[in-house]
Amino acid sequence: KKMVFDGEAASSLVKELRVSFSSGKTRSYEWRISQVKALLKMMAEREDEIVDALRSDLAKPPLETVVYEIGMFKNSCELVLRELKQWMTPEKAKTSITTFPSSAEIIPEPLGVVLVISAWNYPFLLSLDPVVGAIAAGNAVVLKPSEIAPASSSLLAKLLGEYLDNSSIRVVEGAVDETTALLQQKWDKIFYTGNGKVGRIVMAAAAKHLTPVVLELGGKSPTVVDSNVNLEVAARRIISGKWGCNNGQACISPDYLITTKEFAPKLVDALKTELENCFGKNPIESNDLSRIVNSNHFARLLKFLDDDKVSGKIVYGGEKDESKLRIAPTILLDVPQDSLIMSEEIFGPLLPIVT
């Protein structure tokens with residue numbers, strides 16, 4: 001039987017990490033560098049397993065995994081290796097005449113024990129990017145991966161257990177109960193990536209201990225298309241940002257387009273042509289598009305489309321396959337501002353155009 005991770009378990013985990021942090025081992029330049037190098041080694045040696053986990057969770061195309069998840073994370077690690085010496089160097093500071101002849105410096109200090117609660121849409125990048133930052137700053141870390149991407153979550157737990165110093169870096173898997181138990185503890189900083197609803201819960205829990213918080217939250221991200229653009233280039237950029245990044249399940253994917261009445265038909269035509277070039281005549285079958293993460297999110301996206309104000313506005317796409325959790329790239333024209341799709345973050349392959 002699996003051990004239940006409750007408040008007691010969370011409390012003893014934090015105590016353990018505090019002891020480790022107090023010993024001073026995470027402060028040394030050598031320790032920090034060794035952990036970052038271990039992460040780079042892990043990404044190189046276990047690339048196939050990472051690609052498989054993301055294929056299992058999101059049907060994410062291997063190229064996308066290698067570029068966005070693995071490649072971008074390697075860049076972060078290499079930046080740390082290059083800059084860490086300088087980041088750790090104390091900085092001379094001015095003193096005032098009243099304290100003459102004193103000198104002063106600003107010393108970068110780790111905060112202590114850090115909690116990272118990460119997201120399902122880029123489960124490796126969005127878990128490990130804040131972790132490597134916390135390690136670089138000399139902290140002990142607990143990572144709570146998203147249970148919505150279960151294959152990635154269990155792989156992260158396994159790999160970090162194998163490659164990193166587990167006296168100071170740990171992974172806790174689980175859903176609401178485990179996250180709640182973790183949030184009841186006193187942390188020195190909390191990172192959360194996800195939606196505003198959970199963001200409020202995280203911030204309220206942190207406020208009880210006056211813990212500083214970094215929230216990376218999604219929202220409506222409009223893309224404005226001017227009428228004197230290079231249409232082909234604009235269409236390709238919109239497509240790569242919207243459907244080429246996890247099929248729209250990304251916090252900076254274009255949520256909707258804004259353009260003029262006259263230009264909208266030209267833009268729709270350009271998008272149709274380029275979409276066909278990218279994903280073929282039947283994009284729902286394309287292996288270059290991620291699927292929707294689970295049936296809840298599939299139902300949420302269908303609710304947007306079933307809205308009476310919206311269902312007649314589809315000018316491209318709209319195909320869906322519930323058994324495979326796939327929704328084709330879908331363009332909607334002149335969607336009313338008061339429709340459901342315009343009031344919430346879409347986070348999927350639907351793209352309304354507003355004129």
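The backbone N, Cα and C atoms fix where each Cβ goes, glycine too.
Lifted from TrEMBL, the feature list:
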ACT_SITE  Glu216  active site
DOMAIN    16-354  domain 'Aldehyde dehydrogenase'
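For Glu216 (active site), the Cβ neighbour count at a 10 Å cut-off comes to 15, with all displayed protein chains included. Within the model, the domain 'Aldehyde dehydrogenase' (16-354) carries an average pLDDT of 96.
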